[in-house]
Amino acid sequence: MEDAQQNGVPRCIGVIVDGNRRWARAHGLPTLKGHEEGYKKLKDFVLWAKEAGSTHVIAYVFSSENWNRAAEEVSYLMGLIIKLLKQDVEELGKKGIRLRIAGVRGMLPQNVRQAVIEAEEATKDNTEFTLCLALSYGGRDEIVEAVNKIIADKDKSLPITKETFAQYLWTSGIPDPDMIIRTSGEMRLSNFLPWQGVYSELFFLPIHWPDITKEYFMQVLEEYKGRQRRYGK
């Protein structure tokens with residue numbers, strides 16, 4: 001991870017995969033087709049990030065607010081998640097990629113929860129790269145749950161510091177994102193990593209998620225390398 005930082009490559013990339021539905025409408029396609037293309041692009045993106053030298057991607061694939069969408073769309077999205085966790089996990093595992101989930105697992109359908117358990121177990125020993133899916137995720141929910149865990153923790157001897165607090169987050173063990181990318185032209189973080197992303201470099205791209213290419217991503221990385229991260233200094 002230090003080598004990546006020394007070379008100006010972000011260790012951890014957060015990405016908000018936004019614009020699938022608008023991409024579909026712009027191409028005269030059904031909304032669900034946009035999600036399918038977005039799912040394919042996520043797998044590409046992870047490999048681009050790994051090839052560039054990053055070690056972690058946190059992908060915002062389904063927010064806690066997304067449960068309010070039409071039942072047909074939610075069902076289709078859960079099907080794509082199942083496909084990633086079951087069908088693609090072997091391929092990802094062979095590439096040294098570990099899968100993790102951050103989110104309110106209790107809201108997921110039982111078959112998705114089981115697929116999560118199996119995928120995390122199957123890839124737990126992979127150390128080259130981690131793909132963390134922010135699934136049924138809400139940043140405020142994460143912080144509230146962390147506080148409740150701390151209150152319930154029987155070991156009261158440890159002082160609560162920024163470092164110990166981070167251990168109670170769903171992303172525990174994953175570096176804070178050095179950069180956060182959001183596609184679709186929207187310029188907000190929408191409840192994504194409010195604790196972890198305080199020092200992240202932000203990139204709001206004017207393209208929909210299915211339109212991102214490796215070349216475009218590499219251009220973003222070059223812009224990232226040109227920024228100075230002062231951390232208040």
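The backbone N, Cα and C atoms fix where each Cβ goes, glycine too.
According to TrEMBL, the feature active site maps to Asp18. The DSSP secondary structure for Asp18 (active site) is coil. In this view, Asp18 (active site) is surrounded by 21 other Cβ atoms within 10 Å of its Cβ, with every protein chain counted.
For Asn66 (active site, proton acceptor), the same-chain residues lying six or more positions away in sequence with a CB closer than 8 A to its CB are Val74, Leu77, Ser136. Residues or ranges marked as active site, proton acceptor by TrEMBL: Asn66.
The feature Mg(2+) binding site is assigned by TrEMBL to Asp18, Glu201. Glu201 (Mg(2+) binding site) falls within a strand when secondary structure is assigned with DSSP.
Classification of Glu65 (substrate binding site) by DSSP places it within a helix. The Cβ of Glu65 (substrate binding site) has 12 neighbouring Cβ atoms from other residues within 10 Å, across all protein chains displayed. Per TrEMBL, the feature substrate binding site maps to 19-23, His35, 63-65, Trp67, Arg69, Arg182, 188-190.
Candidate recorded positions: Asp18, Arg21, Glu65, Arg69. Nearest to Glu201 (Mg(2+) binding site) by Cα distance: Asp18. Just so you know, of the binding-site residues Ser63, Ser190, the Cβ with the fewest other Cβ atoms around it within 10 Å is the one at Ser190. Between the binding-site residues Arg21, Arg69, Arg188, the minimum number of other C-beta atoms within 10 Å of a residue's C-beta occurs at Arg188.
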